[in-house]
């Protein structure tokens, strides 16, 4: 069947949440003609749940998005009300930035960026159907029967896909924050042959700031020391007038209220059918699962400068409204709090991610990509990271250029995508530092060193960003070389100076770099002995130098592991392989291989239920086939 289109585009993005805006901006900046279609323009880049960006692992993802040329980091740096570096007392691998956002300003600023982007058309429109011919995407059809042609379509519908909001016994069709649900498109994706799952997430009630007794809570201020998500942001623009958050706790009375009303909780009454997030459970789930805990932390997070709404982080719930009010009033500082919005659960459809390639293109339909919560993840940052990769690959496909696959050793975004397409997910997927085996080389401070050259290669990093990156890289390389050459000798004058600083004297000559490997020696101390750099170094360059030098041994071990895995990743598996023709592999492995259809030996080795013996048999089989082909040739 051929279609007559009202308008033609290179790439169409369906849904303008955090995944959709990154996908559409990336494709447009790479030179494609892009349509971004969304149900409600007022929901563009909206934060329906927590009013924050970043956090453990997630903050590193935002830095990665920025390093590649994405928008989230720049946008939050313009609109935050508080900034805080987490895990500063721990090693560099787990440090991550978190910002409290001005929720309305964040969405408004991102909307303006999208509206001003060259090559990008923004349209309020509900897409009801993905149009396909011969297993290839050709466009979309809207609810108003407009047909738009495209060579690639990226679906980023989030929790709107057959969304249903649940509060107590009440259940109704809705996307997040009472927006319209996308039901017809959900039916269409299933009709196209995609396997669909059903997940659930939730959000806490919001209370009025002026009704909170802050004297009964603990203040949580932001950092005075400048930190930014974007590598383009400047320290002189760092916000000093930050708004604090506040800490309080549930108590025994709170827990009794929940336990006495579990029969009315949708999670336990059978109303909620979708699988909820393990790492962000509802308060009723926490009380049941952790019955031995006598209290749980709650953070009171302002939603912006020009609003009275305060987000009660840690109190996600779908309990009936009257129970939510009673629960809030049992909490210290909230005894007289006015509830502005009730918490709710939302169930929604997802595309089971084992059906995707590492580019986020579906295996079933050429040119159809999915990203964000549509793929079963949770969180704005995870969504934005996927949206960026999907948008880049949609543009590359249209342009006939090689695809971009971020490896596990490249980025947390690569870890997430590999987890999704290789292992799938049975619950809303959240990124954690523990998921990354190479986390010491996937740090907050080196995201640009890892990814900006990749962003430049695909055409997403502009000249301004590239020049800033080159200056930093050149400074780092020159100073590392100098520190590797400059020597300290165990002479009397040097040792007296070292001892005066309270450190152990030298017994042998060593380079300044070797001297800095001592835990107590920082860059400033080392330069007291070898002199300063020939140029003023940026503080971020110094931070990077200290980390790379002090952890060099561990970093080199990680790089050795990366090299070994690279050899596995380079061993491709033919797309048309007959898994039934391979003798001796375990039944479970055969079933998993058929379901996931891994593209490389490396990916095959990471599938759960596949053991090393199965991989060895697979490699022998592939080598035998290669030899047979060589003889024929």
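Here the Cβ of each residue, glycine as well, is placed from N, Cα and C on the backbone.
For 15, 16, 17, 18, 19, 20, 127, 182, 373, the entry in Swiss-Prot reads FAD binding site. Summarising the annotation, Swiss-Prot assigns NAD(+) binding site to 276-290.
Fewest other C-beta atoms within 10 Å: among the binding-site residues 278, 286, that description fits 278. When Cβ neighbours within 10 Å are tallied across all protein chains shown, the highest count among the binding-site residues 19, 127, 280 belongs to 19. A coil conformation is recorded for residue 290 (NAD(+) binding site) in the three-state DSSP classification, outside any helix or strand. Put simply, the two farthest-apart Cα atoms among 15, 16, 17, 18, 19, 20, 127, 182, 373, the recorded binders of FAD, are 18 Å from each other.
Distance noted between the C-alpha atoms of residue 284 (NAD(+) binding site) and residue 127 (FAD binding site) is 36 Å. Within 10 Å of the Cα of residue 17 (FAD binding site), not one of the binding-site residues from the list 278, 280, 282, 286, 288, 290 places its own Cα. If you take the Cα of residue 280 (NAD(+) binding site) and the Cα of residue 19 (FAD binding site), they are about 20 angstrom apart, rounded to a whole number. Checking each of the binding-site residues 276, 282, 286, 288, 290 against residue 19 (FAD binding site) by C-alpha distance, the shortest gap belongs to 276. The CA atom of residue 15 (FAD binding site) is located 37 Å away from the CA atom of residue 290 (NAD(+) binding site). When secondary structure is read from DSSP and collapsed to three states, residue 280 (NAD(+) binding site) falls in the coil class.
Listed in sequence order, 17, 19, 158, 159, 199, 348, 350, 383, 428 are the same-chain residues at least 6 apart in sequence whose CB falls under 8 Å from the CB of residue 373 (FAD binding site). A gap of 38 Å separates the Cα atoms of residue 286 (NAD(+) binding site) and residue 127 (FAD binding site). When the neighbouring Cβ atoms lying within 10 Å are counted for each of the binding-site residues (15, 276), the highest count belongs to 15.
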